[in-house]
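Going by Swiss-Prot, these are the annotated features:
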{"type": "ACT_SITE", "residues": "Cys206", "note": "active site"}
{"type": "BINDING", "residues": "Cys30, Cys33, Cys53, Cys56", "note": "Zn(2+) 1 binding site"}
{"type": "BINDING", "residues": "Cys121, Cys126, Cys145, Cys148", "note": "Zn(2+) 2 binding site"}
{"type": "BINDING", "residues": "Cys153, Cys156, His161, Cys166", "note": "Zn(2+) 3 binding site"}
{"type": "BINDING", "residues": "Cys193, Cys196, Cys211, Cys214", "note": "Zn(2+) 4 binding site"}
{"type": "BINDING", "residues": "Cys219, Cys222, His234, Cys240", "note": "Zn(2+) 5 binding site"}
{"type": "REGION", "residues": "26-244", "note": "region 'TRIAD supradomain'"}
{"type": "TRANSMEM", "residues": "258-278", "note": "transmembrane segment"}
{"type": "ZN_FING", "residues": "30-80", "note": "zinc finger"}
{"type": "ZN_FING", "residues": "101-166", "note": "zinc finger"}
{"type": "ZN_FING", "residues": "193-222", "note": "zinc finger"}
Amino acid sequence: MGSAGRLHYLAMTAENPTPGDLAPAPLITCKLCLCEQSLDKMTTLQECQCIFCTACLKQYMQLAIREGCGSPITCPDMVCLNHGTLQEAEIACLVPVDQFQLYQRLKFEREVHLDPYRTWCPVADCQTVCPVASSDPGQPVLVECPSCHLKFCSCCKDAWHAEVSCRDSQPIVLPTEHRALFGTDAEAPIKQCPVCRVYIERNEGCAQMMCKNCKHTFCWYCLQNLDNDIFLRHYDKGPCRNKLGHSRASVMWNRTQVVGILVGLGIIALVTSPLLLLASPCIICCVCKSCRGKKKKHDPSTT
């Protein structure tokens, strides 16, 4: 073969690489959706180096922002050894601008709530962060809002009461333009949670309320505790009768579902109890055998 033929052969082999050189890039399994994705569709977290597909991570972040109330967004891997936390720069790159602004606002509100030297003005329309003077733990101090000049207690958020305890204090004194929104009136649109005293606004809907701050469930009209009222019997009698805000049919359907769940759990317990009784001797024997083996292993007289 001449030199021209050898050059043509080398050019052909260079332009047509072997099949091994065209092997596809390795796929990585996402721990959230369990789908295999290429590396360009994955995102690695900076703090813990865990890797997930970008689409799943975006959905996870948006859900964490809506449900997390400003708490840090942790790695979605439940068995992450480094317990990684997502940085703000990562969140800003993966969620829309409005979602990131919501996260920053909720985060700031949470920081103020946990800071003993800052608190929110209890007037709903004010939303001013007020400085709290240092004091002994649990000792109430006078706080004055720099915007609306409301003077209130740092502990119970009621009007400042210098000579009485928080439980015996009078209702909070609000500016005239806000008094129609607050108070003990059953139809008032804004009330305080009976447990944590956070202000809650109700526009419409169900009268069974759950405080987002402390998870306490109560009746909006009389503020009675409903944590253990799974059948909603509170709205069958008394001053709150038929004030739940749902039709009678929906209430009966809810009670039917609760009864069905309880009956199902009872049936499962009845079915599994004989099996547990039959298997209990075997379980006890295995436990005793294991204990004897450990005792012999650590007994110095046997060595």
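Glycine residues also receive a Cβ, built from the backbone N, Cα and C atoms like all the rest.
Not measured: the values here are computed from a predicted model.
Features recorded in Swiss-Prot, as mapped to the structure shown.
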residue	record	Cβ neighbours (10 Å)
Cys30	Zn(2+) 1 binding site	20
Cys33	Zn(2+) 1 binding site	13
Cys53	Zn(2+) 1 binding site	20
Cys121	Zn(2+) 2 binding site	21
Cys153	Zn(2+) 3 binding site	22
Cys156	Zn(2+) 3 binding site	17
Cys196	Zn(2+) 4 binding site	14
Cys211	Zn(2+) 4 binding site	17
Cys219	Zn(2+) 5 binding site	23
Cys240	Zn(2+) 5 binding site	17
Exercise. Residue list, the zinc finger (193-222) vs rest of chain: Cβ under 8 Å, 6 or more residues beyond ends.
Key: 69, 113, 122, 124, 156-157, 186, 229, 232, 234-235, 238-240, 243-246
Quiz item: DSSP three-state call for Cys56 (Zn(2+) 1 binding site): helix, strand or coil?
Solution: helix
Quiz item: Using the Cβ centroid of Cys30, Cys33, Cys53, Cys56 as the reference point for the Zn(2+) 1 site, which residues of the same chain not in that list have Cβ within 8 Å?
Solution: Lys31, Leu32, Leu34, Cys35, Gln37, Phe52, Ala55, Leu57
Quiz item: What's the CA to CA span in angstrom from Cys153 (Zn(2+) 3 binding site) over to Cys121 (Zn(2+) 2 binding site)?
Solution: 10
Quiz prompt | Secondary structure of His161 (Zn(2+) 3 binding site) (DSSP, helix/strand/coil) | solution = coil
Quiz item: When you tally the Cβ atoms that lie within 10 Å of each candidate's Cβ, which of the binding-site residues (Cys56, Cys166, Cys214, Cys222) has the highest tally?
Solution: Cys56
Self-check item: Cα-nearest neighbour of Cys214 (Zn(2+) 4 binding site) within the listed binding-site residues, Cys53, Cys56, Cys126, Cys156, Cys240
Solution: Cys156
Practice problem: Have a look at the recorded positions (Cys126, Cys145, Cys193, Cys206) and report the one with the fewest Cβ neighbours inside 10 Å. | Solution: Cys206
